[in-house]
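Pulled from Swiss-Prot:
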- 31-209: domain 'BPL/LPL catalytic' (DOMAIN)
- ARG70, GLY71, GLY72, GLN73, ILE74, THR75, TYR76, HIS77, SER138, LEU139, GLY140, GLY151, LEU152, ALA153: substrate binding site (BINDING)
- LYS135: site 'Lowers pKa of active site Cys' (SITE)
- CYS169: active site, acyl-thioester intermediate (ACT_SITE)
Amino acid sequence: MNNSLIVRQLGLQDYQEIWHKMQDFTDTRNAETQDEIWLVQHYPVFTQGQAGKPEHLLQRSEIPVVQSVRGGQITYHAPGQQVMYVLIDIKRHKNLNVRQLVTALEQTVVKTLAEYGIESYPKPDAPGVYVDGKKICSLGLRIRRGCSFHGLALNINMDLNPFHYINPCGYAGLEMCQLADFVNQDKADCDNVSAKLIKHFANLLGYNITTL
């Protein structure tokens, strides 16, 4: 297995532009293409999963709604949320299937939050990561030709109010939380968090990291 992982820090980006770049990357990659992680924040946007139900958008606003091809229902992205897109050839990894990749992503977040003294956990029937019953991280993947794209979105220090305009991930009344609810503002920083996410993800899947 090629155990090299390229990490790209992309800053603040338009959702649709990055989504199309992910699709292009996945469609054109071959057996020699290295796996990549894209770290990004997005301008405010609601994204609807491939099987998303329109009734989960409760209130229209000036925030655009984009139909996506990832799994899951509607969610919200905005600055102050660390998004980690996972562009991996699953076939390269012995004993790794889609469910195990989801578990690895959830454990990446659990281990990252533990470094801040936060006890978090996944739910078997509702992908993502939770703290005291509130959701702190959403997760949705798409698999094409045995390769993953899309990934996770971890709330760090953002305006959570627009989550009230939706049933987050299709769950009515689901409360959201973020890292800034539990730590000092200076620690609720996407750059600091992203380094921890990459460290734990690489350790879980046995990658060597190259940052671009």
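Just so it is clear, glycine is given a Cβ too, placed from its N, Cα and C backbone atoms.
Feature annotations (Swiss-Prot) mapped to structure.
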residue: ARG70; record: substrate binding site; Cβ contacts under 8 Å, 6 or more apart: THR47, GLY49, GLN50, GLY140, LEU141, ARG142, HIS150
residue: GLY72; record: substrate binding site; Cβ contacts under 8 Å, 6 or more apart: GLY49, GLY52, PRO127, SER138, LEU139, GLY140, CYS169, GLY170
residue: ILE74; record: substrate binding site; Cβ contacts under 8 Å, 6 or more apart: PHE46, THR47, GLN48, GLY49, GLY52, HIS56, LEU57, VAL65, ILE166, ASN167, PRO168, CYS169, GLY170
residue: TYR76; record: substrate binding site; Cβ contacts under 8 Å, 6 or more apart: PRO44, VAL45, PHE46, THR47, ILE63, PRO162, PHE163, TYR165, ILE166, PRO168
residue: LYS135; record: site 'Lowers pKa of active site Cys'; Cβ contacts under 8 Å, 6 or more apart: GLY128, VAL129, PRO168, CYS169, LEU174, GLU175, MET176, CYS177
residue: LEU152; record: substrate binding site; Cβ contacts under 8 Å, 6 or more apart: VAL83, MET84, VAL86, LEU105, THR108, VAL109, CYS137, SER138, LEU139
Pairwise C-alpha maximum, in angstrom, for the residues (ARG70, GLY71, GLY72, GLN73, ILE74, THR75, TYR76, HIS77, SER138, LEU139, GLY140, GLY151, LEU152, ALA153) that bind substrate according to the record: 15
DSSP three-state assignment for GLY140 (substrate binding site): strand
All-chain count of other Cβ atoms within 10 Å of the residue listed as 'active site, acyl-thioester intermediate': 22
Local Cβ density at SER138 (substrate binding site) - other Cβ atoms counted within 10 Å: 26
